[in-house]
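Feature list (source: Swiss-Prot):
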type	residues	note
SIGNAL	1-26	signal peptide
DISULFID	31-42	disulfide bond
DISULFID	36-51	disulfide bond
CARBOHYD	48	N-linked glycosylation site
DISULFID	53-62	disulfide bond
DOMAIN	77-190	domain 'C-type lectin 1'
CARBOHYD	90	N-linked glycosylation site
DISULFID	98-189	disulfide bond
DISULFID	165-181	disulfide bond
CARBOHYD	175	N-linked glycosylation site
DISULFID	231-323	disulfide bond
CARBOHYD	273	N-linked glycosylation site
DISULFID	297-315	disulfide bond
CARBOHYD	379	N-linked glycosylation site
CARBOHYD	390	N-linked glycosylation site
CARBOHYD	455	N-linked glycosylation site
CARBOHYD	461	N-linked glycosylation site
DOMAIN	468-1187	domain 'REJ'
CARBOHYD	622	N-linked glycosylation site
CARBOHYD	661	N-linked glycosylation site
CARBOHYD	685	N-linked glycosylation site
DOMAIN	1274-1405	domain 'GAIN-B'
CARBOHYD	1311	N-linked glycosylation site
DISULFID	1356-1384	disulfide bond
DISULFID	1371-1386	disulfide bond
C-alpha cells in the first residue's frame, strides 16, 4: 500500500499562474542513465533524481521487492499480508472467499499474542479465522495446516457439538469464541505471497506508458458538453492528443465516433487549446476536411480506411467520449526509510507549523509564497487541512510580491511523519501538484521558489486520517421472485434500505448522511433528477406516485461526519436499478359482491367508484366502461365472465344481449323491467390504453316488495387479495333509509356458498357484529386460508323486511412457512457481558425470500405452562439471515428469575408468518458489589456503550443502538433496586442522563426505530429517584418529537394503525415514568425556588401536549363503534375511541376502574347542544393521571393532591356542553384511599371512640367514607353509628351498623369500610366506633385493639376557565359513589388542557394538632373536596360502658 501518490500537473493544465517574473530553468537531467529498477519512473531534480517505485518495490532505485496489494494490509512484524473481508459469510464460504483471492490466501492462522493484537486492531466486527474442530470434536486445527501454538479463548469459553468454528471479537480481551459454523460473519484472510506491481490507473481506465496518462472510454454517449461533464466528474477531461502515437493509441480503443477535447465554439475556425488547457500542437484532419458553421466540436471515428482522421460534428450530436487524466505514479510503502531520494534525508521528527521563509538574513520581506490545499476535483478546502486516505489533493503555490525567480518551477518537498520518522520526497513542477496519500499520517508539504539572490519557502501540514466507510450496499423491498431491475407499481410506496460498514479504526463520534437520488433520462439524453432526499437512517421511502413509468438509476451517496466539527470522515456512492410500471385498473361496483333488491323500486348498478390507482383521488381516471349481464342460478358462483357466458345464454333483459348497450359508469333499470326471484349477474370491464384492464362482478337477487338497500364498502385492505396480516375494515349502509326516522339494525356473519355459517367472528372483531362498521383483527383468516374465497354478509333489518349485501374475501393460497426451530445460545448469561445468538433452521416456504423478525419481551408471564410476553415487545432484528449474533439482551426482571422471552416471526414475501418462542435468562453483569469499583465499572460500561452507540448511529443503525441503551438501562434498574447509597444513585443518575442524550440523538424516520427508541427511553427513565429535572425535560421533549412523528403517520385504517397504537403504548409508559419522576422532584422542591417550579411547569406543559398528540394519533385511525384503545400505566392511563354522531346519545365510554368512564345523556338533550357541530363522527378521549400535575402557584390547584381525569369530545371541532337539561354521568377512580397517614386508635371491650364533625365545612350532599384497618386483631367485628355526643353522655342517633370480617383475604389492606350519608351525619354530632357485641362475636385475644382510621368525603370539581379556578358549580356527587369510585353528575363539559378535567378527592391528609380535649384527643384536618374540613376525632378510655364525653371543635 502506497503512502502517497504524486500526479505531476503543469501550470497550463490547471490554469494557475505564478505571480512575479519567470526565469529560465537550468536543471541538470540525471535520468538519462535510467537508474530506476523494476519499472520505477525517474524524475529529474536540481542535480539529483527521484525514483517513483511501482507497488511492491522500495529502495532509492526501487531495488527491493516487498508489500501487499490494496486493500490487503501488511504485517511487517510477521511478514504476511492480511485482508479483512467485510462481507458476511458462513465459515465454509469465508474460507472459499479467501482461497479465491489467489496468491496462496487462506483463512487466517494466528500464532502469537502480537499477531492476535495486530489482527484485532484491523477489524470492526466479529470475524472468522481459520481455526475449527470440525474434524474431531475438541481437537483444533488451522485451515492452512500451520500448527496450533497459540490460543486466546476466555476462561469461561463455552463449547458444544454445534459450535465448532472460531471467530475473533473486536473490543474484547481474550477475544476468541466458538460459534455454529453456519453463522454469517466477516472474516480475516492471510497470504504469504508478495504481489506484483500495478499500472497506477483505476479500474476500467487504460494506461498508456508512452504518455503516462490513463484513458477511459465512456460508452453511454451524449452531447459534447455532457461528455466533458462526465470526464470532469471523474477527475479528468476530454482527451487531448499531442502526437501520432497517442492518436493511434486512442484510435485502437474505439468502436465508433468519440468526442475529443477540442472545439472552435468561441471563434469559428480557431482552436488553439484543448479543453484541458494544453496547446493544440497536433491534429489529424483529412486534407479535404470541410467544416459546416454548425459543426464546432471535434471527434475521432474508428474506421479502417480513415487513417485515424478527426472530424467536426454538431456539438449537440450524441457521441461517446474519451476521458484522459494523469497516470498515478505510486511511491512505495515499506518501513520508515520509505521515500528515499539521492538527497540526504531529513532527520527531524518535529512537525513544523505552516510558515513562509526566505533564505537571506538581511533582506526586507517584500515577497512571499502561499500554499493552498484543496480537495480535487471540486477544489474545495478542507477543515484544518484534514484529509482522508486516498483523497486527491490539489496543492498550489502562489508567489506574491517582487521576486526574481531563477525558474518558473517550484521545488516541492513532502515530509512524512509516520511513526515519528521524517523522510522527504522531492519533485519539481510548476505551481501545482496533485497528491494522493494512501496511508494515515501527518505530512508537511514544502514549496520552494528558487531565486537569483534568495529562495522563498513555505510549508503546510496535511493530516491524513482513515476513510471511515468500508462498504455500502442497498436492498429494495421487492416482491416475490422480482426481476432485475426490480419492478414496482407506481401506486405503491417503495421502501429502500442500505447497509454500511465502518472502518474499525474510526472511533470518534460520527453521524451519517445518506443522500438518495433517483435519475432517469429524457429522449434528448438529458439526465433528470426524479427523487432526492437526505436521511440520517438507513431507510428511505419513495411515496407512491412519485416516479413516472420507466427504468431508473438509484444512486446512494453515504457520508460520515464528525459530530464535533462536521468534518467528512468517509464517503461512498453506489448505483442500482429499478423499474416503475403501471398497475392494473380496479373495477368496483358499489354495494359489494352481491346484494338484494326489491322489485318495487328502480335498480341502480353503479361502477363510478372504479379507478386507476395511479390517478389521485378526486381526479378523472378516463377509463372506458363495458357492461355485461346474465341471469344465473343463485347457488352457482362463476369465477370469470367467460365461464358465466359459457354456462348460460340468458341475457338479463329481453331487448338486449349479454353485452349491454350502456358504456356509462352507472346503469339504472326501471322497476317494471324487474322480475322477482331472479338473480342477475352484472359484470363490469374497465379499460384504458397502456394498462391492464379491470374486471369485477356483482350478483343481485331480486325479491318482491321494497327492501332496505344494503351496501358494503371496503375501507381498508381492499386489494384483489387481502393481506391476512392486516386488519380488514368494512362499512355497511342503507341507501334508501331515512336515518333520522327509521332505525336499521345490522348483523354480520361469515359464510361460504351463501348459506352455511362457517365461523364465529365475535372474538375476532373490535366492533362487534351488530354495528355498521366491521373491523376484523389481523390474522383472522389464517386458519381458513386454504379455502381461497369466503363471504362476509351483512343483513340490514328494518320493520318487517330484511336486505343484505355480501363482500367476497379472496384469500391467497399462501400457507405460512413450514415450522422450523430457533435456539438462543447461550441460554443463560449476563447483560452486556454475554454475546447472545439466535439461530433458526428448517423454515421453508415456496414464497421466498423469508424474513426473520426477533421481538424481545423483558416481562414474562406463565400461562398454561408456557412463557408469554407481557406488554409491547422490542424489535431486536429484522432481515433475511436465519442466524443473528451480537444481540444485546437486557437484564430480565428479578421477580421473573431474570427470564426474558424472544418471539421469532418468520414470514414469506406474501406476509404469511409462523412464530416460535424461546427464552433465555439474562442476569445483571458481574460487578464489584460495593464502593468505587462498582462506580468505575458502571462508568467504564457507559463509555463502552457510548463508543458503540456512536459507531452504530454513524452507520445508520438506530435499532442496535437502542438495544445497547436499553441493556445498560436495565442494568441500572437492577442495581438501583439493591443499592440505595447516595454515591451510587448519583452515578446512575449521571449515566441515565447520558443515555437519554443518546436516545435523543437517534433520528426517528420509521415506526420501527421510533418504537425501539421510545422503549429504550422507558427503560432508562424507570427509576423516578434517579431522573433529574433536566433529564425529565429532555426525555419529555424527546417523547414529544417522537409523538409528532407518530401523528404524521396517523389517519390510516391499515396495518399502520396497529403500529401507531403499539407506539402509543410505549410512549405512554415513558410519559408515566417522567410524570412519576416529576412528582418525586416536586415533593423535594423548596418553596422559594421559583426557577425549579418554572421548570416543573414547562415539563408538565410538554407532557400534557404529548398526551394530546398520542390520543390524536390513535383516534385518527379509529373506526366508529370500534372497541376503545386503552393504555394503562402506573401514573398515566388513556382511552381513545370513535363513535357515530347519531350513536353518541346514552353512549358509555371509558376503561377499567382505575381509568374511569362517562355516559352521555339522551338524544333530545344533546341535539340542541350539538346543532352547530358538522362532523358525522365523534372522537372520544379520556386521560387519567395519578396525581394532579397542575400544582404550581397560579394553576389554582396547589392544594389539590388527588388524581385527575380529562374528558374530550370532538367532531369537526371541540364539543363543549353548557347547562344541559340532563346530567352527564362521570365515574372517577379513587386511586389512593389509603395513602394518607392514618390515625392510630386503641379500643377495648369496654371502651369506644368517637369522631366529632365540623358540619360547617361539609359538602351539601354526598357521603363520608371511613376505612379502618385492624392492625393487630384482623378477626374483629366493629359497628358504627351516627351519634349525638355531649359532655356527659353519648347515644346513637342512626342505626347501629355492624361490619364483620370473613376468613377470606380482603381485596385491599382495609378490613372495614363504611359509607355514611352526609344527610344522616348532619342529624348528629359525630360517629361512634366500637366492638360489636353479638352471640357469634369472635373471641378477642387482646384487650387493646389497634385501629388505623382513614376518612374522606367526596366532591366533584372541574376547572373553571372563566374564573381560572377549580369549581364545583353544576357538578354534584351522584348516588352510585363508593369508596373506590366517585360518581359525578355534571350538566356541562368544557375545555381545559384540551379536555374537561374532573377531580375526585380521594384521600384524607390528617394533620394532628395540639388541641387538647378531655382525655386523649386529636384534631384532624381532612382534605375533603379540596377544601379543608376539620374533623375532631376524640379518643378516650373511660371506666363505664361506652361512656363518651364530647367537645365540639369550632
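Placed from the backbone N, Cα and C atoms, the Cβ positions cover glycine too.
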Distance [Cα-Cα, Å, rounded] between residue 1356 (disulfide bond) and residue 1371 (disulfide bond): 6
Residue 1384 (disulfide bond): tally of other CB atoms within 10 A of its CB: 29
For the domain 'C-type lectin 1' (77-190), the number of residues DSSP places in helix, strand and coil: 20 helix, 40 strand, 54 coil
Fewest other Cβ within 10 angstroms of its own Cβ, chosen from the glycosylation sites 175, 379, 390, 455, 461: 379
Integer Cα-Cα distance in angstrom, residue 273 (N-linked glycosylation site) to residue 297 (disulfide bond): 13
Residue 175 (N-linked glycosylation site) and residue 622 (N-linked glycosylation site), distance between Cα atoms, whole Å: 67
Cα within 10 Å of residue 1371 (disulfide bond) - qualifying recorded positions among 36, 165, 175, 1384: 1384
Length of the line joining the Cα atoms of residue 390 (N-linked glycosylation site) and residue 379 (N-linked glycosylation site), in Å: 15
Fewest other C-beta atoms within 10 angstroms, as judged across 181, 1356, 1386, which are the disulfide-bonded residues: 181
Among 181, 189, 379, 455, 685, which are recorded as recorded positions, the nearest neighbour of residue 90 (N-linked glycosylation site) by Cα: 181
Count of other CB atoms lying within 10 Å of the CB belonging to residue 1371 (disulfide bond): 21
Three-class DSSP secondary structure - residue 42 (disulfide bond): strand
Which same-chain residues, if any, lie at least 6 apart from residue 685 (N-linked glycosylation site) yet have Cβ under 8 Å of it: 587, 625, 626, 627, 628, 641, 693, 694, 695
Nearest of the disulfide-bonded residues (42, 181, 1386) to residue 231 (disulfide bond) - Cα to Cα: 42
